[in-house]
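Read the structure below first, then the notes.
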Amino acid sequence: MKLFWVKRLLRISTVVVTLLLLQRTNAAIPDCDYYDTVDISAAQKLPNGSYLFEGLLVPANLTAEYEFTILPDDSKQKVDKHIRGCVCKLKPCVRFCCPHNHIMDMNVCAGDMTEEELEVLDPFLNVTLDDGSVVRRHFKKELIVQWDLPMSCDGMFSLDNREKTDQYTLFENGSFFRHHDRVTLNKREYCLQHLTFVDGNESSIRIAPHNCLISPSRMGQTVVMITSLVCMVLTITVYLFVKKLQNLHGKCFMCYMVCLFMAYLLLLLNLWQMSQNFCITAGFLGYFFVMAAFLWLSVISLHLWNTFSGSAHNANRFLSEHRFLAYNTYAWGMAVVLTGITYLADKVVENEDWNPRMGFGGHCWICTQSWSAMLYFYGPMVFLIAFNITMFILTANRIIGVKKDIQKFAHRQERKQKLNSDKQTYTFFLRLFIIMGLTWSLEIGSYISQFNQTWSNVFLVADYLNWSQGIIIFILFVLKRSTLRLLMESIRGEGEEVNDSEEEISLENTKYDRNVL
C-alpha cells in the first residue's frame with residue numbers, strides 16, 4: 001500500500017514539475033508584455049539567476065525561457081529557445097526595426113552603417129516623459145534598444161519631422177503619437193531606425209519613425225462605386241434616348257451626371273493606384289469635374305427655383321433659347337477658372353499652408369491633410385452647397401405655398417383639383433434634396449473629422465452615401481413610374497419631343513400651371 005502511494009506521489013510530482021516547466025516556457029514572464037522584453041541570452045548570468053545586460057541588472061523574476069515569438073496580431077510563432085528579460089520595466093526602451101547599427105533604405109534594413117555614415121549620425125531622440133517634459137536621449141547610452149521584435153508589417157513609410165504633416169511624439173513608455181491624424185501607436189505598430197535625409201547638397205542621418213501602411217479595405221468602396229458608375233451610365237442613356245426628358249432641365253441634369261461620372265471614374269482609378277503614371281493630370285482633371293458637378297448643381301437649383309417661383313418667364317425674356325448656352329458658359333467656365341487658380345497655386349506658392357500640393361503622398365488629389373484643401377476645394381464647395389441649400393429651402397417653401405393656393409382656389413371655384421398626395425410630395429422633396437446635392441454637405445463634416453478616429457467612423461456612412469450617388473439617382477429619377485412610362489413610349493416609337501418652353505420638370509410629375517392662378 002505504501003509503495004502504491006509513493007508511486008502516486010512521484011507521478012503527481014512529475015506532472016507538477018512538467019506543468020511548471022511548461023508554464024516557465026510558454027507563460028513567460030508574469031505581468032510583462034512580450035513587447036517589453038529583450039533577448040538577453042548573450043548577457044552574463046549571475047549565480048542568483050539574474051542577468052547583467054548592457055550594464056543593467058535584470059532580476060531572475062523578470063527573466064524566462066521562451067521558445068516562441070509573439071507577432072503583432074498576438075499570434076505565436078515557434079522559434080529556438082532563448083532567454084528574454086523584461087528590461088523595459090527597469091529602463092526606458094526604444095523600438096528599432098533592425099539592429100542598432102543598421103540603416104534603412106527604401107523601408108528595408110540595408111545592413112551595417114559605414115564609418116562615414118556613423119560620423120554624420122544624429123544619435124539623439126526627443127522623448128516625452130510622464131510629467132510632459134521633453135528630454136533628449138542618446139538612443140544607445142540612455143535607452144534600451146529593442147530590435148529583435150517582429151516587424152509590424154511588410155510595407156512601411158517613414159515620417160520626416162521637417163514636414164508639418166509628419167510631426168510626432170515619442171513617449172517614455174514606448175507609445176508613439178502621430179499628430180496629423182491624432183493616432184497613438186504601441187510598439188506593435190511602429191519602429192524607429194536610422195534613415196538618410198537629403199537637404200540640397202547636404203545629407204544627414206537621423207533616427208526616423210516607420211509606420212505601417214494601413215489601408216482600409218477597398219472592396220466595399222469599389223463595389224459601391226462601380227455599381228454607381230453603371231447606374232450613372234444607365235441614367236444618362238435613358239435621358240439621351242427619351243426625347244421628352246431632353247428639356248432644359250433634363251439637359252442640365254445630363255451635364256451634371258457626366259461630370260459626376262468622370263469624377264467618380266478618376267476617383268476609382270486613384271483608389272486602385274491605376275492613375276500613378278499621370279497622377280498630377282488625373283488630380284487636376286478630377287478637381288475640374290468635381291467643381292463642374294457642383295456648379296451644374298447650382299444651375300439646377302437656380303433653374304428649379306425659377307420654375308416653381310413663376311419667374312422662369314422673366315428668364316426667358318432675357319435669355320430666350322440661349323439659356324442653356326449661358327448655363328454651359330457659367331458651369332464649365334467657372335470650373336476652368338477654379339482649376340487654373342489651383343494649378344497656378346500648386347506651381348507658384350511655396351508656403352505649404354497655401355499650396356494645394358496636388359499628388360502629395362502618392363494620392364492623385366489635393367492634399368486634404370492640411371487646411372489648404374479648405375481654400376481650394378472645400379471652400380468653394382461650402383459656398384455652392386450654401387447656395388443650393390438656400391435654393392432648396394426657397395423651392396420647397398414655394399411648392400408648399402402653391403399647393404395651399406391651389407387648394408383654396410379649387411374650393412372657391414368648386415372645382416376638383418387633385419394634387420399629389422403627401423407621400424408624393426415628400427418623395428419629390430427627397431428627389432429635390434438629392435438633385436440639389438445637399439448630401440454633399442456631409443463631405444465637409446467628413447473632412448473636418450478626419451483627424452478624429454471616432455467621428456471618422458461616423459462620417460464613413462456619409463462617404464458611402466456619396467459614393468452611392470449614381471445608384472440613388474437611378475432609383476429616384478429613372479425607376480419611377482412616369483420615367484418608365486416615357487421610356488416604354490419611346491421604345492414603342494410613341495415619344496414626342498417636348499419644347500423647352502414648357503418647363504416641365506422631367507424628374508417629377510409634381511408641377512403646377514401658373515395660368516390656373
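Each residue's number is its place along the chain shown, starting with 1.
Each Cβ is built from the backbone N, Cα and C atoms, and glycine gets one as well.
Straight from Swiss-Prot, the features:
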type: TOPO_DOM; residues: 28-221; note: topological domain 'Extracellular'
type: DISULFID; residues: Cys32-Cys86; note: disulfide bond
type: CARBOHYD; residues: Asn48; note: N-linked glycosylation site
type: CARBOHYD; residues: Asn61; note: N-linked glycosylation site
type: DISULFID; residues: Cys88-Cys93; note: disulfide bond
type: DISULFID; residues: Cys97-Cys191; note: disulfide bond
type: DISULFID; residues: Cys98-Cys109; note: disulfide bond
type: CARBOHYD; residues: Asn126; note: N-linked glycosylation site
type: DISULFID; residues: Cys153-Cys212; note: disulfide bond
type: CARBOHYD; residues: Asn173; note: N-linked glycosylation site
type: CARBOHYD; residues: Asn201; note: N-linked glycosylation site
type: TRANSMEM; residues: 222-242; note: transmembrane segment
type: TRANSMEM; residues: 252-272; note: transmembrane segment
type: TOPO_DOM; residues: 273-279; note: topological domain 'Extracellular'
type: TRANSMEM; residues: 280-300; note: transmembrane segment
type: TRANSMEM; residues: 324-344; note: transmembrane segment
type: TOPO_DOM; residues: 345-373; note: topological domain 'Extracellular'
type: TRANSMEM; residues: 374-394; note: transmembrane segment
type: TRANSMEM; residues: 428-448; note: transmembrane segment
type: TOPO_DOM; residues: 449-457; note: topological domain 'Extracellular'
type: CARBOHYD; residues: Asn452; note: N-linked glycosylation site
type: TRANSMEM; residues: 458-478; note: transmembrane segment
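What Swiss-Prot annotates, mapped onto the structure for a quick look.
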residue: Cys32; record: disulfide bond; DSSP class: coil
residue: Asn48; record: N-linked glycosylation site; DSSP class: coil
residue: Asn61; record: N-linked glycosylation site; DSSP class: helix
residue: Cys88; record: disulfide bond; DSSP class: helix
residue: Cys98; record: disulfide bond; DSSP class: coil
residue: Cys109; record: disulfide bond; DSSP class: strand
residue: Cys153; record: disulfide bond; DSSP class: coil
residue: Cys191; record: disulfide bond; DSSP class: strand
residue: Asn201; record: N-linked glycosylation site; DSSP class: coil
residue: Cys212; record: disulfide bond; DSSP class: strand
Top Cα neighbour of Cys212 (disulfide bond) in the set of disulfide-bonded residues Cys32, Cys86, Cys97, Cys191: Cys191
Contact yes or no, the transmembrane segment (222-242) and the transmembrane segment (280-300), 3+ Cβ pairs under 8 Å, gap 6+: no
Residue counts (helix, strand, coil, in that order) that DSSP gives for the topological domain 'Extracellular' (345-373): 9 helix, 0 strand, 20 coil
Those residues of the chain, 6+ apart, with a Cβ under 8 Å from that of Cys97 (disulfide bond): Met104, Cys109, Trp147, Met151, Met156, Cys191, Leu192, Gln193, His210
Rounded distance in angstrom between the Cα atoms of Asn173 (N-linked glycosylation site) and Cys86 (disulfide bond): 13
Cα proximity to Asn48 (N-linked glycosylation site), best match among recorded positions Asn61, Cys86, Asn126: Asn61
Among Asn61, Cys98, Asn126, Cys153, Asn201, which are recorded as recorded positions, the nearest neighbour of Cys86 (disulfide bond) by Cα: Asn61
Proximal residue to Cys98 (disulfide bond) among recorded positions Asn61, Cys88, Cys153 (C-alpha distance): Cys153
Candidate nearest Asn126 (N-linked glycosylation site) in space, where candidates are the recorded positions Asn61, Cys88, Cys153 and distance is Cα-Cα: Cys88
Residue with minimal Cβ packing [other Cβ atoms within 10 Å] among the glycosylation sites Asn48, Asn61, Asn126, Asn173: Asn48
